[in-house]
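According to Swiss-Prot, the features are:
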type    : residues                                                       : note
BINDING : Cys15, Cys18, Cys37, Cys40                                     : Zn(2+) binding site
BINDING : Pro120, Thr121, Gly122, Cys123, Gly124, Lys125, Thr126, Leu127 : ATP binding site
DOMAIN  : 3-56                                                           : domain 'ClpX-type ZB'
Amino acid sequence: MATNSSGDSKNTLYCSFCGKSQHEVRKLIAGPTVFICDECVELCMDIIREETKASGMKATDGVPTPKDICEVLDDYVIGQATAKRVLSVAVHNHYKRLNHAQKAGNDIELSKSNILLIGPTGCGKTLLAQTLARILDVPFTMADATTLTEAGYVGEDVENIILKLLQASEYNVERAQRGIVYIDEVDKITRKSENPSITRDVSGEGVQQALLKLMEGTVASVPPQGGRKHPQQEFLQVDTTNILFICGGAFAGLDKIIKQRGKGSAMGFGADVREESDAGVGETFRDLEPEDLLKFGLIPEFVGRLPVLATLEDLDEDALITILTKPKNALVKQYQRLFELEDTELDFTDEALSAIAKKAIERKTGARGLRSILEDILLDTMFELPGMESVTKVVVNEEAVCSEAQPLMIHADEKESATAG
């Protein structure tokens, strides 16, 4: 501790690190024979944060096993057992490959295996990718393929994907280079026709070509604050070699291509001929071959950069009911918590849950449509409830889902009389 011996300042305390007096800082914390100010504490915290960020992903051990990854996925994503196994193994191998590359003396180079997720709308593709990033504690970003164009054209440059990943990693290049990128709607960037055209296809095949470089590994020059590149700007160099790319899409119409290919072998006596309606879209995707993706409009090089194929199935009524009620962040639990904040209990009858699931199947929106259905059912109730003090319970029954009827509201006096009776 330093003190000033002159006049009234004899008892003034000073920070032992920066030398500022107690009057120059907001807080001075005392220790045995030393003092530290709030500014020095903040500086120390910044240094520790930077150290933690830099070393966060340098550990060569600790990659979760495929079984561990799959178990965590089970907590958040219902069904899709095959897709979960494929993803768990692929992601485990990817990060094991990175740790293998860090060790000296490895003469065998392990190639990267990017992933293609194919499945109907609302079956869990995006949620799977988000959950994987959460399990592994790596930076994660999502991009919509429909907004991308080739460099130099109006639209979003593909390198903006890397900028978003960099932002997700708080501009820590080391962490960003081990992140996960999920590109949604890749089925919308297919070639407009199978024949070469004189006009340039800047939002279809052109985007596939631009994504190829990122997916196979290149050093992308990213403007630190985003926006368009200009010559006077300094760029951050990000190597995409170790970034895991997961592409996803509904691929509407791909099932017809697969069935058409299957028809060729279902000829002659004794052939197993199935009606088209026998199999759902998700079930048909199980028979997917790379040649089907080429016919759909993906270029061979793009398909080649996505060696791991995981197909997801349609969600049936039971699966949708489970999604509504079982996961940690299930929609029913979320709405029940919202109602708890109003000191009101929210309950759904089994018939209501079944009717909600059927409605989502009819709309062909899968799990994605469940929230909007619940919002429609509970909108008026949530509007009125904050101004009603006596309501203790709200019950959503089948009538509230299938007709214009409102959920049942149980008031405190009704509950008391029912208990007394």
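Heads up, the Cβ atoms here are built off N, Cα and C, so glycines get one too.
A map of Swiss-Prot features onto the structure.
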| residue | record | Cβ within 10 Å |
| --- | --- | --- |
| Cys15 | Zn(2+) binding site | 23 |
| Cys18 | Zn(2+) binding site | 13 |
| Cys37 | Zn(2+) binding site | 24 |
| Pro120 | ATP binding site | 21 |
| Thr121 | ATP binding site | 17 |
| Gly122 | ATP binding site | 22 |
| Cys123 | ATP binding site | 29 |
| Gly124 | ATP binding site | 27 |
| Lys125 | ATP binding site | 26 |
| Thr126 | ATP binding site | 16 |
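Between the alpha carbons (Cα) of Gly122 (ATP binding site) and Cys37 (Zn(2+) binding site) lies a span of roughly 53 Å. The DSSP secondary structure for Cys18 (Zn(2+) binding site) is coil. Put simply, Cys40 (Zn(2+) binding site) is 54 Å from Pro120 (ATP binding site) when counted between their Cα atoms. If you average pLDDT over the domain 'ClpX-type ZB' (3-56) in this model, you get 77. A C-beta separation below 8 Å, combined with a sequence spacing of at least six in one chain, links Leu127 (ATP binding site) to Tyr76, Val77.
The DSSP secondary structure for Gly124 (ATP binding site) is coil. In this structure, the C-alpha atom of Thr126 (ATP binding site) lies 43 angstrom from that of Cys40 (Zn(2+) binding site). For Cys40 (Zn(2+) binding site), applying a Cβ distance below 8 Å and a minimum sequence separation of six or more within one chain yields Cys15, Phe17, Cys18. In this structure the C-alpha atoms belonging to Lys125 (ATP binding site) and Cys37 (Zn(2+) binding site) are separated by 49 Å. Cys123 (ATP binding site) sits 53 Å from Cys37 (Zn(2+) binding site), counting Cα to Cα. Apart from the site residues Cys15, Cys18, Cys37, Cys40, the chain places the Cβ of Ser16, Phe17, Gly19, Lys20, Val25, Leu28, Phe35, Ile36, Asp38, Glu39, Val41 no farther than 8 Å from the centroid of the site's Cβ atoms, the recorded Zn(2+) location.
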